[in-house]
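Undergrad: Structure below; questions to follow.
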Amino acid sequence: MKETPKKVLVIGSGPIKIAEAAEFDYSGSQALKALKEEGIETVLVNSNVATVQTSKKFADKLYMLPVVWWAVEKVIEKERPDGIMIGFGGQTALNVGVDLHKKGVLQKYGVKVLGTQIDGIEKALSREKFRETMIENNLPVPPSLSARSEEEAIKNAKIVGYPVMVRVSFNLGGRGSMVAWTEEDLKKNIRRALSQSYIGEVLIEKYLYHWIELEYEVMRDKKGNSAVIACIENLDPMGVHTGESTVVAPCQTLDNLEYQNMRTYTIEVARSINLIGECNVQFALNPRGYEYYIIETNPRMSRSSALASKATGYPLAYVSAKLALGYELHEVINKVSGRTCACFEPSLDYIVTKIPRWDLSKFENVDQSLATEMMSVGEVMSIGRSFEESLQKAVRMLDIGEPGVVGGKIYEAKMSKVEALKYLKERRPYWFLYVAKAFKEGATIDEVYEVTGISKFFLNKIKGLVDFYETLKILKEIDEETLKLAKKLGFSDEQISKALNKSTEYVRKIRDQSNIIPVVKLIDTLAGEWPSVTNYMYLTYNGTEDDLEFSQGNKLLMVGAGGFRIGVSVEFDWSVVSLMEAASKYFDEVAVLNYNPETVSTDWDIARKLYFDEINVERVLDLIKKEKFRYVATFSGGQIGNSIAKELEENGVRLLGTSGSSVDIAENREKFSKLLDKLGISQPNWVSATSLEEIKKFVNEVGFPVLVRPSYVLSGSSMKIAYSEEELYEYVRRATEISPKYPVVISKYIENAIEAEVDGVSDGNRVLGITLEHVEEAGVHSGDATMSIPFRKLSENSVNKMRENVLSLARELNIKGPFNVQFVVKDNTPHIIELNLRASRSMPFSSKAKGINLINESMKAIFNGLDFSEDYYEPPSKYWAVKSPQFSWSQLRGTYPFLGPEMKSTGEAASFGVTFYDALLKSWLSSIPNRIPNKNGIALVYGDKNLDYLKDTAVNLVKFGLTVYSISELPLQGIETIDKTKAEELVRAKKVEIVVTDGYLKKFDYNIRRTAVDYNIPVILNGRLGYEVSKAFLDYDSLTFFEISEYGGGI
């Protein structure tokens, strides 16, 4: 019999960070839906302003607060929930739940943990307890010993025997974990590993070099009934974090005995921790025989469970929430099939491939090798009916400029077999591209296996693609059968045209004449054995007929955001879902095209039709041919939609909203600059230089500093502010190729200016706009900036000029829908630096801060016009809202933390307050590892920029109760100094509570910044922000903890 609590508190995961991303927006949203179906009142604590779940329709009450125990206690004290769910917000939520239990908060207020209980969570997440639990239940684990100190770790490593894997307890994304081949390796890194554990514990485990890694997803109810939902095979062997691995489902290389044995072990692991809900179990399999070890389990929804849910069509999060309420598996209906109960295990008649997406080129000094710590910022998932088709589709989905496994930049690069094998041995990201290159250059299967440990089954498949492509290259024409085979192997029109040295139009014409078109197949969880009631689909060339009939009428295709990367994250999924809901009022049918397994937009019950497939011109045209969509919307999914808008329009596609030609003007720097001049709108001086002489001439005219934007990057550092000739020419020489083909854009950098933005909607005549002001000065990328609504330091005169500029642009470009304009304001004069004719990164924040959904307003603007009389309208603010960036420095091994014009943050948090400082502090505290410093601790404050702000920061921190040191090489007037070596020692000894610094000082303070982030010490990288946060510390006791609507926010 199920229990029905009246009110349930759901804990979210906070801002997006590496290893804890949008999968928890998906899982949390599903949990809230499952609770609402039962008539249970829901309360959500989550500071992630960009997510779908922090919209009002999901939870009855929403608290945008730091996801930490003391803030959640305030909510419990006020709301008095009967139950709490901690399994849908990642490791962050589990840690909060354990803390609330240990501190007696749950017991004090009579709050029951729903789902897996705290003792089960501790058994799973403490490496020592997990090992003991497995041994007690006769389940196989690798030889290992736990440790809580450096000395104990070194001693136990000798007992276990090198090489060893160091695993970290109560940890996210493998932070601090490593493979130590020698005692020297271990001594060098063990302190960092212990620092990254929530409970200060690590496991020293025998390293299983080149063993196969596998994952099983299992559901279990309170009666012990279990269903194994998916088996996921990692192509990367042990030693590479599962979040860094390319994976396939279902498993491709297991025989039945291996599969069944591990399936049985999975159910036993779930039983041993008394799981109620869902968990994933990770295994190591010896490729040379029937030998397996259990590695770990996660007793919560995870990245893998989100993937399994999207791969199988089984709604894991929804079912898990129902089980947490006391339902049994046979009582829950699978809403994808609409017929089967949740105890039916999925059966797949297709192959799913997931590939992570990295953005390591944005970070200086970062270690490029894939290892035990997760560094990828997103992932893509493809579906095909052969491994080759699925893999090639996934490669294109990465949006890294590769047309597939073969035929791209790496495949055609000047690279020898030896070089390709070297990159493979180093475990570079996107290894499959180097595997193909190695085969092209003559490597054997055995040679590639030796350096990678990747199963020969998969290597043979990739070699087959290389052989086929090389055969294509010697053809003068392509016959129908060869073209069919190419498409079945996942080759795009672009790849085929490159091989034949023809145009893509030529290949498409032959396809059309021969009727070689993909078919639409349904994902129904049971391989077509039962009819599906949801339209969850993919396209494949390995089939003969469509699984459904296509309706007629007024239909819209929406382009999603694709795989997340730095700059494109969950905020664009919020825009896609918002547009989907708004568009349903204007269209008979709305379909979504997207391929991100983490998101709400790719969930089974969000869209009327979901195409889980590629986002490119070829695929959109295929879908239009089948579905006869009247419009395509490209503006809600970030840059990926804008990048194909013009070509779609050229192919006769009608775009919803602003025209492709207007988008092209906004995206093209020269065209946009001429437009601004025509309208009399100020912009920073700039030049597109094709030689060093042109650069020198421009710099002599405008002076330093200047902002450099190369069009062709060699070193991975795309933009830089140069303060001197030496700095500028050294950067241009080192970082970029300069020529008429690859011009470098140099613009005047306006110092000590305020950066501001307008998020808005236009109907071509009027504008609805929201002004956002940055705390940091101009020069810090808007994605890394702290933002305030309403504005604080801008004058009314400046804001009025900004509004006039925005209105002029909206009318001139006939903007229909959402847009974002970025300004630099100096001496009350706004200068436009950028216009984006699409939904923006900040739009969920500005919408929720003002209580008005800009995407909903966009649809009104497009079809009915904006419904107010003013030319320009900005809704009033009732209270304060502040958005803060979330950085993932600790995950990015070796990189130097600093802020500049290149975006580095992975997510964002926001909070509301009765004052600016109330909102700012809660927002800042929502990003890990930020926390209130312990009084009587030490702060380091130093830098070479914003010196007045740094000095005032130091004064505030002294008032707060800290001992503040500056560094003797960079002294601050009136602040005690210590030398750099002493500062490094204090950080390494974990005696420093907070570091506040400013400027690019890599040669001077690399060790201070890097050690601080490695040891989870809060670091503020801007003097102005440091000043505002230090001032907020002084009012810490005045923080407010209201529900979002009490601040006048929320949508």
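In case you wondered, yes, glycine gets a Cβ from its N, Cα and C as well.
Below are the features I grabbed from Swiss-Prot:
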DOMAIN    131-325  domain 'ATP-grasp 1'
BINDING   GLN282, GLU296  Mn(2+) 1 binding site
BINDING   GLN282, GLU296  Mg(2+) 1 binding site
BINDING   GLU296, ASN298  Mn(2+) 2 binding site
BINDING   GLU296, ASN298  Mg(2+) 2 binding site
DOMAIN    673-863  domain 'ATP-grasp 2'
BINDING   ARG709, LYS748, ILE750, GLU755, GLY779, VAL780, HIS781, SER782, GLN822, GLU834  ATP 2 binding site
BINDING   GLN822, GLU834  Mn(2+) 3 binding site
BINDING   GLU834, ASN836  Mn(2+) 4 binding site
DOMAIN    930-1051  domain 'MGS-like'
REGION    931-1051  region 'Allosteric domain'
Undergrad: When you measure from the Cβ of ASN836 (Mn(2+) 4 binding site), which residues in the chain that are at least 6 apart have a Cβ under 8 Å away?
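TA: Looking at Cβ-Cβ distances below 8 Å from ASN836 (Mn(2+) 4 binding site), excluding near sequence neighbours, one finds ASN642, ALA666, PHE819, ASN820, VAL821.
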Undergrad: At its widest, how many Å does the recorded ATP 2 site span between Cα atoms of ARG709, LYS748, ILE750, GLU755, GLY779, VAL780, HIS781, SER782, GLN822, GLU834?
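TA: Site span for ATP 2, by Cα atoms: 19 Å.
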Undergrad: Check the Cα distances from GLU834 (Mn(2+) 3 binding site) to each of the binding-site residues ARG709, ILE750, GLN822 and keep only the ones within 10 Å.
TA: GLN822
Undergrad: Measuring Cα to Cα, how many Å separate ARG709 (ATP 2 binding site) from GLU296 (Mn(2+) 1 binding site)?
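TA: Here the two Cα atoms are 45 Å apart.
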Undergrad: Per DSSP, to which secondary structure element type does HIS781 (ATP 2 binding site) belong, with helix, strand and coil as the options?
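TA: The three-state answer is coil.
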Undergrad: When the domain 'MGS-like' (930-1051) is classified with DSSP, how many of its residues are helical, how many are strand and how many are coil?
TA: 54 helix, 23 strand, 45 coil
Undergrad: In angstrom units, rounded to an integer, how far apart are the Cα atoms of ILE750 (ATP 2 binding site) and ASN298 (Mn(2+) 2 binding site)?
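TA: The Cα atom of ILE750 (ATP 2 binding site) is 49 Å away from the Cα atom of ASN298 (Mn(2+) 2 binding site).
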Undergrad: Measuring Cα to Cα, how many angstrom lie between ASN298 (Mn(2+) 2 binding site) and GLN282 (Mn(2+) 1 binding site)?
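TA: Distance (Cα to Cα, whole Å): 9 Å.
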Undergrad: Please list residues from the chain of GLN282 (Mn(2+) 1 binding site) whose Cβ is under 8 angstroms from its Cβ, counting only those at least six apart in sequence.
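TA: In sequence order, GLU213, LEU214, GLU215, THR242, ILE294, ILE295, GLU296, THR297 meet the Cβ cut-off.
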Undergrad: I need the most crowded of these binding-site residues: GLU296, GLU834. Count other C-beta atoms within 10 angstroms of each C-beta and give me the top one.
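TA: When each Cβ's neighbours within 10 Å are tallied, GLU296 leads.
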Undergrad: At 10 angstroms around each C-beta, which of the binding-site residues ASN298, GLN822 has the fewest other C-beta atoms nearby?
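TA: Selected from the binding-site residues ASN298, GLN822 on minimum Cβ neighbours within 10 Å: GLN822.
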Undergrad: Around HIS781 (ATP 2 binding site), which residues of its chain at least 6 apart sit with Cβ under 8 Å of its Cβ?
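TA: Expected: LEU899, GLY900, PRO901, GLU902, MET903, LYS904.
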Undergrad: Could you tell me the mean pLDDT over the region 'Allosteric domain' (931-1051), as a whole number?
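TA: That stretch averages a pLDDT of 97.
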Undergrad: Please give me the CB contact count at 10 A for ARG709 (ATP 2 binding site), counting all chains in the structure.
TA: 19
Undergrad: On the three-state reduction of DSSP, what should I expect for ILE750 (ATP 2 binding site)?
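TA: ILE750 (ATP 2 binding site) sits in coil per DSSP, no helix or strand.
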Undergrad: Under a criterion of Cβ-Cβ distance under 8 Å and sequence separation of at least 6, what residues of the same chain contact GLY779 (ATP 2 binding site)?
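TA: Once residues fewer than 6 apart are set aside, GLY779 (ATP 2 binding site) is near LEU707, ILE721, TYR749, GLU751, GLU755, GLY900, PRO901.
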